[in-house]
Structure formats: structure tokens, C-alpha cells
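Peer 1: My questions all concern the structure below.
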Amino acid sequence: MPDESLHLPLVQRVLEREKDAPGALLPILHAIQDGAGYIPDVAVPEIAHALNLSLAEVRGVISFYHDFRTTPPARHTLRLCRAESCQSLGAESLAAQLRDHLQLDDHGTSADGRISLRPVYCLGACACSPALELDGRVHARVTPERLQALLEGCLEDGSC
Ligand code: FES
């Protein structure tokens, strides 16, 4: 487990900059996640104190929005499109393949910490469904074989 206190200077900078803005909580959470890659638990009491909220209120917002992470990100992030066009053209079988391969449902990080799986609801590639995004790059008309090759690429990646 990383030393989360390393993120406190970032948290304090963000709070100083954003805490007085109307509706500050979401921009604060996004800024912390952008800077740290996730929302470290050590940030929660700092945010609650700065915004005069309870810990439960801050944690409730973090858990409500699936985009917020409470653990450090994996080396690779795969976002499978689960919107209608992709669903009708094979996304569910790709999701089943990911469940088999990574033992993950729509959210989570593989046991080896290499791949995080997250759903997305349209990548703007509906004409080429099913689509997914791996580390920011969109892949369209993804077949089971193509998905397998992408997963193997992540697992064999020397940076992993
Ligand atoms: S529905 Fe999947 S890219 Fe639009």
C-alpha cells in the first residue's frame, strides 16, 4: 500500500484553490484524482473539514460516481462500451470474456494490478461497434480474438 500522506500537499493545494467555489466538492474530487490518479482515503477528512461536510457525505459522493477511484490505478485501463449499439453487436460476450480472463466484472482491477476494467457509455464509435478504449486509444469492431490480443499485449508489456 502506498504512503497516502504523499498526496497531502496536492490535496491541500486543491482545497486552497477550490474550496470557496460554489459546488466545490466535485471539482475538488476530480482535481485530486487527476493529480494522484485516485482519491486517497487521507483526502477525505481534509475535504470534509474544508467544506464543512461529514466524512459520510464525502464518501457517499465518491462512491456514487463510478469515475472516482479509491485505489491507485492499474498500469492499463480498459473501458468497454456498454451502450446500446455496442451491446447489440457483441459487447456482452466481450464482457464475459473479460470476466473469464481477468475475474472482473464491469469495475475493478486484476489481481496482479495490471489492468483496470471500467464501463463506458458510448465512445463515439457506434458505427464501428463493439468498441473499447485501452489506455486512451479507441479500438473498434473488436472481436474476441482482437480482445485476446489486446489483453496479451498488456500482460506481455515490458512496462507492466
Ligand atoms: S454505443 Fe458504443 S461507441 Fe457508441
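Residue positions begin at 1 at the first shown residue.
Yeah, the Cβs are placed from backbone N, Cα and C, and that goes for glycine too.
Pulled these features from TrEMBL for this protein:
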type    : residues                     : note
BINDING : CYS81, CYS86, CYS122, CYS126 : [2Fe-2S] cluster binding site
Peer 1: Can you give me the same-chain residues 6 or more apart in sequence from CYS122 ([2Fe-2S] cluster binding site) with a CB-CB distance under 8 Å?
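Peer 2: Listed in sequence order: CYS81, ALA83, SER85, CYS86.
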Peer 1: Other than CYS81, CYS86, CYS122, CYS126, which residues of the same chain sit close to [2Fe-2S] cluster? List them in sequence order, counting a residue when its Cβ is within 8 Å of the Cβ centroid of the site.
Peer 2: ARG82, ALA83, GLU84, SER85, ALA91, VAL120, TYR121, LEU123, GLY124, ALA125, SER129, PRO130, ALA131
Peer 1: By a simple count, how many Cβ atoms lie within 10 Å of the Cβ of CYS126 ([2Fe-2S] cluster binding site), its own Cβ left out?
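Peer 2: The answer is 16.
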Peer 1: Any idea what DSSP makes of CYS122 ([2Fe-2S] cluster binding site), helix, strand or coil?
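Peer 2: It is coil.
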Peer 1: Would you count the other CB atoms within 10 A of the CB of CYS86 ([2Fe-2S] cluster binding site), including those on all shown protein chains?
Peer 2: 27
Peer 1: DSSP secondary structure for CYS81 ([2Fe-2S] cluster binding site), reduced to helix/strand/coil, please.
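Peer 2: SS state of CYS81 ([2Fe-2S] cluster binding site) = strand.
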